[in-house]
Structure formats: structure tokens, C-alpha cells
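Participant: If you look up TrEMBL, you'll see 63-84, 121-140, 147-170, 278-299, 350-372, 392-411, 447-466, 478-497, 517-536, 543-561, 567-589, 610-630 (among others) marked as transmembrane segment.
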């Protein structure tokens, strides 16, 4: 296919970005120091002048670091995209950046001397391990583009959950959270001097890969026929990309989506050749990060806004656009959901076993705990106190899990996708966004918080159904929609945390599903809602049986498709909105519970949702119990524990289905 080059468009975009970046920079410098003193401050600042010192040791190094990091990330992104033949690949979306930062976080807490000795090697090791995990998950699919991207984004979420746990257990490390979101705040030229000698040789080495990668982009067979090993090319190129990304993370933290946007601009201007992308993308990456950082510097309290959060805030819509413009692929065959007789086992005894396990989990949570004197068997000695302290949080967590599990079953049947869930598809993130808005509005009561939570989830699920109809409900495209939205919400939360508002640390705890502050009223309301939801399920049973079969079969049998989907949509949004208020947006109960129920042989809608509800309750009860005892007297949010349990489960599931 011949691509029409638009050199005027490329140059115009470049000049526009450069002009805006320079204009904002000059304006920012004028706010710091009088223009006639700029040259003196840049060369030899007056040590008694704070504005000159600020310009020399903070403002100018910030611009230099933005240019270096932007160019490096764009180069790493274009290398990954060319080698993997995936236009949405870059260090952030493939989990490399998150793995590198996790390694640095662990070393900061438990081996700080290693940071000073070799943070680059440490970051490279973390990024390489994350990359190996991603490639291992995508191995069986022969590194299919969307499977690889999904594995990378899930690895990023998992590493982010561990980082969040570390930060919550070390309250003084909130600055680590901000730096991990990509901080370009500078106090001297040390970061620039760290980046320059490590990125410049890597850029020169990338020029040696132009011809091998050009052959590889044709086909593996073409490379092999010329005596070049495709695997060696991939190993060399990906290793170089991981090295560049690790250096950037070690220098300024995680900054995403620059490596996604810069190569896309070059390609949209018709420049598809390898050498054109490798040469032009770093220039646009440098300009994009420079401009983004300068724009956000104009906002109030902008000196503390992480640059990575800013780029993610702007880049997540770009990921949605990339997914939306992909060609439609065949819809998923919903055999796992629609089949009601395939491998159906004796469901009554199995459901009884699940309920017995749930009762055992309740007893474990009530009777066994940890106190000041170690492990205690407290339930029988002081039942009133135990019920008062442990009952509400356990009941609220279990009821929220029941609601999320039912919503997960409904969403999977609405999309005919056995791997869908409110968490992965962004529905719970939409509900979380509604709660965040309620938190920021003074005087908002519980009723308004619930309403905004439901409205946020409903809006996202409605958009998801519209988007899914265009894409024939292709599962991986739906995942990209949800994870891009989750990334956007995470960036929004990072911006809020950087604001310094004292409410934001409580917001961080809530987002991770803390049940610590659950009250008896919360437990009663959620339990009542869970019972009511279970009681309403028989009215939806026929619709849930027919919907996975497609549109023609339900219509032929007299089912009102529009009304049925609308009611199920509203019902699931109410359930997600209520659940998110207690266990946060990323518990993955909505994925694990329905899938486990089907694995145990529950295929008919009513039995599946009953079993999924019990399984979800067990997961959250145990997560709440583990959160209480693992690091006593510290408490880990139950939703975060459930995420740490569910992510490996999803990894295994991806390996089996890829």
C-alpha cells in the first residue's frame, strides 16, 4: 500500500508544537524573572537572587529534562511498535515502565543503598521482568497485537496496585506516588546530566537497527531469507527500548503515552518507513512533552502536578481513538455463556458446597484475628464486641461483592463476552468518577453520591454498548476501552492527589476498597440491596438466557431487545454504583466470580448468578480478613487484596484463552 506523504503537514505540526512550547516557556520565564536578566541567570546566576537561581536550577533543567525524556520515550515507543507491529505499543501500555518503577519503589523502601549504587540497572531489571511477563502471557497467541497490549496494561495495573499498597503502608511516601506519576520538578542539573550520557548512545545504537527492522517489518520469512534472525532483531530492539524506558523512569518516573502519540503523528502524515519514524518520532516526542508540561505549569498549584499524570490525562483518549479506528474483527463466539447444557454438573450439591465455604469464611473472619498479644480466638469470649467491630465491615464487603458479581454476570451476557467485567470494561471506573465528583462538591450527601456513582457507571456502559456494536463486541477492543478509561481516571486521581487536599488520601483508601469505616447502617443498606437484587433476578432470567445468542434469536422469540437491554443496563449500573461505594472500582470480583461459577458447571442464568454471588462474597470476606491480619496493626483495603488475588487469576485466564 502506498502512503501519501504530507511534508507540509508534518513540518506545520512540528512548527506549531515548537512555537507553542517556546511561547509558554517564555511566558513562564517572564513570570519568574525579568527578561533582561535571563542571559545572566542562564550563564552565571547571582547566588543572592532567588529568581535567577530558580530559572537556572529549576526552570531550564525542567525544559531540558522534558526534551530528553520526551525524545527517549518516543524512540522507545516507535521501536516497540515497529518490532511488535502494534501501533498502540509503548513502555507504559506494555507494563515496562510500571515494572521499572516498582523495582525502584521496592529498593527505596528496603535497599536504599542500591538506588545510589545503580538505579539504572535496577530499573532495567524491573522493566525487563515486566516485559518478560507480558511476552510470556502473549506467547500462545504468537504475540497477537491486542493480546500483547491487554497483557501489558494488566501488568501495569497489577504493579500499580502493589505500589499503592506500599504507599498506603508508608504514609510519608505520598511524594513517591507523585514522583512515580512522572515528576519533572528539578532542583539542579543532576537529572539532565544523568539522562544525557545514557540516552544519547542509545539513540545512536537505534540507527544501527534501521535496516534489520525494515526487513523485519516485511515478514519474518524475508528476514530469515537474508540471513538475519528475526528473534535476534526483536531481542536487540526490545532490549534497547526497555533500556531507554528504564533510564527515563529512573530519572523522572513514569510518563506514559508520549511514545504512543509521537509516532502516530508521524504515521498520520504519511511517513511509514522505518528510518523516517525513528528519526522524526523523537523530535515530536520532545516537543509534545515540553508543551504538555508547560501548559500544565500555567494551572494553579501546577508545580506539583505530575507530568506523567498530565500526559496520561491527554493520552488515554488517543488510545481509545486508536482502538476505534481498527478494522472490525469477528465477534466472539459466546459458547461459554450461551451454552446451558455443556458440562452442566449436579448444581444443587455444588451450590451447597459453595454456601458451606461461605459460612466457613464468615466463621473464620469472626472468630480468628490478631491483636496486641498475637493471634487470638476472640469470637466466643466477647461475641458482642466482635460483632460490633467485625460484623459491619464483613457484611458490607460481602454484600458489595454480591452486587458486583451479579453485575458481572449481566455485563458478560450483555456483551456476549465471558471475559468481560464491570472493572475491566471501565463501568466501575465511571462509577468511581461519579463518586469523586460528589466528593469535590461541598455539602454532597450519601444520596447524591449514590446517584452520581450510578450515573457515571451508566454513562460508561451506554457508551460501551454503542462502541461494542460498531466493533461486533470484539473482546480485546472492549478491554482497551475499559482500561483506557481506567487509566484516565487514575490520571485524574493523581492530579487530585497532587493538589494537596487533605481529603485526597482518604480518596486513595476508598479507591482501593477500604472497608475500615463501614458502619452498621452501611451494612444494613447494602445487605438489603443485595437481597433485593437476588429477588429481582427471576424477572430477568429469560432475557439473560437469550441475549448471548445474538439479536435475531431473541427477536424471533418475541423478546423486546431495546427494552430488555435498557433495563438490564440500568439494573447493572445500579448494582455497580452501590458496590463501588464500598469496595472501590478495581476489585475484579465482577470477573472472577462469574467465571469461576461457570467453571464449576453453573451455566443457566439463575444458578450462575446465585453461585457467583456466593463466590464473590467468599472472596471479599477473605480479602477483608486478610487485610486485617496480614500487617496488623496496619490495615490493607479489602479491594486492594482482592485485586492482588484476581490479577494473577486473570493472567492465567488470558494464557488459557489467548
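These residue numbers are counts, starting from 1, taken along the chain as shown.
Note: Cβ is positioned from N, Cα and C throughout, glycine not excepted.
Describe the structural context of these features.
Facilitator: Outside the transmembrane segment (147-170) by six or more residues, the chain places 84, 86, 88-89, 92-99, 101-102, 105-106, 109, 130, 133-135, 137-138, 141, 176-177, 180, 476, 479-480, 483, 486-487, 490, 508-509, 512, 586, 631, 634, 636-637, 640, 643-644, 647-648, 650-651, 654, 658 with a CB less than 8 A from a CB of the stretch.
Long-range Cβ contacts of the transmembrane segment (278-299) within its own chain (Cβ-Cβ under 8 Å, at least 6 residues beyond either end) map to 10, 13-14, 17-18, 20-21, 24-25, 27-28, 62-63, 66-75, 77-79, 82, 184, 203, 206-207, 210, 255, 258-259, 261-263, 265-266, 271, 305, 307, 310-311, 314.
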Participant: Per the definition of 3+ C-beta pairs under 8 A with sequence separation of 6 or more, do the transmembrane segment (567-589) and the transmembrane segment (350-372) touch?
Facilitator: no
Participant: Short question: which residues 6 or more past the ends of the transmembrane segment (392-411) have a Cβ under 8 Å from it?
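Facilitator: 362, 365-366, 420-422, 425, 427-428, 461, 515-516, 518-520, 522-523, 526-527, 529-530, 533-534, 537, 540, 544, 568, 571-572, 575-576, 578-579, 581-583, 587, 589-591, 593-594, 597, 605, 608-609, 612-613, 615-617, 619-621, 623-625, 638.
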